[in-house]
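Working notes for the structure below.
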């Protein structure tokens, strides 16, 4: 049975919001979609965990004391949260349709659990957006100011970490004061909200962050690439890596911006596109998390060697880090 869902215009904060689950979806097919997505999310979670383990918990201090990897570790931890929360809550509620009639009634009234999940989901998305700018900026300073790089970041790292954690609040502040509720989504249910401040929609706020971040990443990466090109001894592998990383991020941010434009300005008038674009948005966020991790590993032989040795459990991390001839300080300038 396909169901229609709409909210009353005069609903209060505490009123129950009930719905019937859409039983027209094939539960087996939806479960298969869940398994495929969970597989990708799980791989990303494991890779992020391994990177943190071999960089931040190794016997070698090069990674732990490097400003780039400190910022990147925060980015990885946020990526791990995004993957885990989607596996255990977000995608589970949407695609495991047999759970919908069992669990949905528990969320017809205001739920602290849903509010925390929804708020942290959008906070982490905003965090990932902002972190890419600071990682790009770190790479740029390493190339442009090679002598003073360490001293510069010793002074500004703490303020930047604080700003990194504070800026995403600019996306979720309206959610914090608004009603969060469950609504039918595909064969299961997802989480939405009733805006208390009508103009401050999540889609518009995300769109603003995407556009500003995209512009900054392109400008910063352009400066970095130019600085690499004018080096007396050019590092062509670094130039190629930086170009690829910038292109991938730019395409993903541009794609997410287009989707947010739809949700911000056209969703109500062309609702037949909404289910499709929701799926595309979920996939694009997964791809953003996964692609940055893969690019980072594939373009960093030092880290790749450490990960392989860690997984093989054949040598210690400390010994594996001693084989590289490239100073770790240069790594942030070369890859992400």
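Backbone N, Cα and C atoms are what each Cβ position is placed from, and that goes for glycine too.
Of the given residue ranges 93-113, 177-197, Swiss-Prot assigns the label transmembrane segment to 93-113.
Swiss-Prot assigns the feature transmembrane segment to residues 156-176, out of the candidate ranges 156-176, 303-323. Of the recorded ranges 68-88, 93-113, 156-176, 210-230, the transmembrane segment (277-297) has the largest number of C-beta contacts under 8 angstroms with 68-88. The highest tally of CB pairs under 8 A with the transmembrane segment (210-230), across 32-52, 68-88, 93-113, 133-153, 156-176, is held by 133-153.
Nonlocal intrachain contacts for the transmembrane segment (156-176), taken as residues 6+ away from its ends with a CB within less than 8 angstroms of a stretch CB, comprise 67, 70-71, 74, 115, 118-119, 122-127, 129-131, 134, 193, 195-197, 200-202, 205-206, 209.
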